[in-house]
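What Swiss-Prot annotates here:
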{"type": "SIGNAL", "residues": "1-18", "note": "signal peptide"}
{"type": "TOPO_DOM", "residues": "19-1096", "note": "topological domain 'Extracellular'"}
{"type": "CARBOHYD", "residues": "23", "note": "N-linked glycosylation site"}
{"type": "CARBOHYD", "residues": "74", "note": "N-linked glycosylation site"}
{"type": "CARBOHYD", "residues": "139", "note": "N-linked glycosylation site"}
{"type": "CARBOHYD", "residues": "145", "note": "N-linked glycosylation site"}
{"type": "CARBOHYD", "residues": "265", "note": "N-linked glycosylation site"}
{"type": "CARBOHYD", "residues": "277", "note": "N-linked glycosylation site"}
{"type": "CARBOHYD", "residues": "307", "note": "N-linked glycosylation site"}
{"type": "CARBOHYD", "residues": "531", "note": "N-linked glycosylation site"}
{"type": "CARBOHYD", "residues": "677", "note": "N-linked glycosylation site"}
{"type": "REGION", "residues": "770-875", "note": "region 'Heptad repeat 1 (HR1)'"}
{"type": "COILED", "residues": "823-867", "note": "coiled coil"}
{"type": "CARBOHYD", "residues": "1015", "note": "N-linked glycosylation site"}
{"type": "REGION", "residues": "1025-1106", "note": "region 'Heptad repeat 2 (HR2)'"}
{"type": "CARBOHYD", "residues": "1052", "note": "N-linked glycosylation site"}
{"type": "COILED", "residues": "1056-1084", "note": "coiled coil"}
{"type": "CARBOHYD", "residues": "1075", "note": "N-linked glycosylation site"}
{"type": "TRANSMEM", "residues": "1097-1117", "note": "transmembrane segment"}
{"type": "TOPO_DOM", "residues": "1118-1154", "note": "topological domain 'Cytoplasmic'"}
């Protein structure tokens, strides 16, 4: 209502103000008659300075001229301010004369002129002394005059021209306005001294102003700067710490259209004029004016076809002086008139007159532009057209009159014209654009997603677009040269783009785009803002243990825009509780080890709400309407932001209070895995080699698969002549004689010689072949047994491997079920968010939930009324979401407190509370990460059987020579029990009777319990049965009333419980199954046999060694290095040379070398 009042009110009698803000960088005009209430208000009236310059003087030496406009500067601006120095300028020809504003059609000026001489005041005439004149002039005529005493304006300080209602301000007060809004085309100040005059040229922008008692105290320009975007979108300049999503709607947008078809053919209408022969036409009676016209047809504009088919029975008569046709202005015949000729006007008529001169004279008489004559061998009944022939008779013919002018309004054609419009889909990518896609309009950021969508057959059945829940286009497809191209429409600005407010200051932008100058922050990118402008990237500086400002994950964003990493303070000590006992009459004497699991949610999923985008989507009309709702979005965001901030701080405190110092240090020693064999994963211990390094170097080793008996064979054949004992060292395996299959060269020589010798004398020496045959059979046995064992082991390996795979699959399946149960519990959080998104499809009583459809079907007022319902409904959904997140935060906060207690009491120590850490007496708890929480696996022992004992509270002792006293069990020692007439003490949680010692008791001074005896007057609530009747008293209050308890059997409720106990048992079974799958293979050994090199190899090595020594000695001798030889090797023939250098190179001090 405020803005509407500003536009409609008459402002001539209202004083207005124009205040300067921001180092004189902009001006804010507001009308004093319509001052808004205290607070922030968004409307027009702000003008940002875009150009500043000064002027010292322009009047010359004689002084300036008053009562006239002599100096002007040309502009094209929304506002121009001309200001004098702070002290102002006097109203005199020695300083100030005239200032004016030119609004193209009229000029507003202020001047003074107390002169009565002729021509002294050409515009205003004489102005009274000590008065000034404010006038408006149009076409050299004054239509507004206002004379003001100088007591109101003692000196000239400023004149400001504003396009809004052509307002003019003198010294900050409104002195002129009109109903027109026009830019300032020129302005100027005519003065001699007192300057300089400062000119400020401004452009108009919206502003958010803060008013106190009707006066603007602060102004924020809606100019696209970060501060302007934030303040003007949320209608406030005061922000609490947090993150504020924003949409930059001030970006310059391009436009493009996506057409359904690549080309459109449009067939234009073709008008037919059909002419025919006129029967019973009367001949003329003399002259062309008596020729009667028939079938006159006049074309208007468009395409025409003139049908003269009846002329086929007529004979065309060409022009022959005065005879026949006459059409020099028409270069066509009637038979070709439809060949695409262009006319500005066209009219055709038929007439019957003399062929002799009828056409030519008709053209001369301006009856037609062209005339075509046709003969049909008619009678000679037509009269002449010339003065001397008016009574003569001539042959009658058909005359076709054509009246035309050249142009482009009319075209003749033989067939309808088809206009082909080629549609080119020039899609603008990767920038904010306004689009018209298949008839749906909007704005968005278009990206090509063909590479991602081409394999999923989207829109494969001829569809053109996929719409989102608001009815706007989400994905559309365009037929390209090489196939279908898919495009995604995103909001012009990323929904996740948020302003960061810390310490009440706008310090940065958090966005999902990796822009220049940004730095990564968790899964977002942070851009620092200094003094309202972006700053280049800075690294994260320093660590803090806590953050009183805004936090994002583990990062603290400070009021100066810097970022620090939050490193929670670690715990330095562990605290273990003392043992305690519970009160039971039955004392357990046997126990079972029990494993129980417990899931506790410690964090919640935070949401980021772009309120404006959720409510209005891309609808510009809805966004304009939404401005009337004020700070409702700010209120919702403040709730969500505060929840997120508290969540981060409590989560950091949770980890800082539970994370022990050095918890990441692994302990790898003294690790016992019990029956679970993981030896295959450990490094085997080193063992001594069977041969030395020299043996491995000087002998060739051959490895083969051996049997367990091969180790004994190797020991038996050890030594230099061990090969002679080969057959003697044979061993038996399962009753079979076996020898290793490897035969050395010595063995081969030995057995070959034995075989050859056995064949030398036939049967006499044949017994010599027995060793050869025996060793051969033993080695064949060795190979056969080895192959059999390999096959058996292979079968065992396959069976065991299959069994292990089965158990692993079962383990994975069991783990998957446990995780699924965790997921089911955690996913309960998203139900309210799902409901919120589903609200986008609800119409809330409107005709549709699609905003664009509403504005297309209804007029503006009706559409706003319908959209108002949707806005109210969606805001309600957001409010429900904010309330749900707030309630969820309180619930999760309590869960975190419980988790802290569990970690401190169950994980870091043994709990003394029964069934607090699992079910039963606590032994050990192992925590595991889970989605949004922690899973505790509690190991406890629970009673299996109990012993029923007689418990004694204490003993009363009556000594012979002293007063009586009592003894009771000391705290934590257990209880006194009686067993078979004897007294013992045992623990409360485990039956372990033992003798009572002095350390187990506490001595009391008396055996009696102390009570305090009081009478009835002390405690007035005590009553006797004889003076209080309950039935009588209750009848006063509960008479004639009926009370029914609810049927709790019908009370159904569902609580999500995480139960992975059975899955843990199945995993334990899988572990046992994996242990069972260990393979007990038949023992095989590796037999390593060393083969000595032949004699010629050793001979070659000896020759090579001798040659190497000779060459080395010769090198030492020739290079004068024999000292080394003498000292190291003691070569006697060289001793005489050892005291000096070689004689070949001996020189003395007095030698001259040339």
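Each residue, glycine too, has its Cβ placed from N, Cα and C.
Note that this is a predicted model, so its numbers are computed, not measured.
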(message) Of 74, 139, 145, 265, 307, which is closest to residue 277 (N-linked glycosylation site) if I measure between C-alpha atoms? They're all glycosylation sites.
(response) 307
(request) State the mean pLDDT for the coiled coil (823-867). (result) 73
(message) Please identify which of 74, 265, 277 has the densest Cβ environment, defined as other Cβ atoms within 10 Å, among these glycosylation sites.
(response) 277
(request) Name the one residue among 74, 139, 145, 265 whose Cα is closest in three-dimensional space to that of residue 307 (N-linked glycosylation site); these are the glycosylation sites. (result) 265
(request) Could you round the CA separation between residue 74 (N-linked glycosylation site) and residue 139 (N-linked glycosylation site) to a whole angstrom and send it over? (result) 18
(message) What are the sequence-distant neighbours of residue 145 (N-linked glycosylation site), meaning same chain, six or more residues apart, C-beta distance under 8 angstroms?
(response) 124, 133, 134, 135
(message) Suppose we draw a 10 Å sphere around the Cβ of residue 307 (N-linked glycosylation site). How many other Cβ atoms does it contain, all chains included?
(response) 12
(request) Measure from the Cβ of residue 139 (N-linked glycosylation site) and count the other Cβ atoms within 10 Å, all protein chains considered. (result) 7
(message) Measuring Cα to Cα, how many Å separate residue 139 (N-linked glycosylation site) from residue 265 (N-linked glycosylation site)?
(response) 54
(message) With DSSP assignments reduced to helix, strand and coil, which class does residue 307 (N-linked glycosylation site) get?
(response) strand
(request) Would you mind pulling the DSSP three-state label for residue 74 (N-linked glycosylation site)? (result) strand
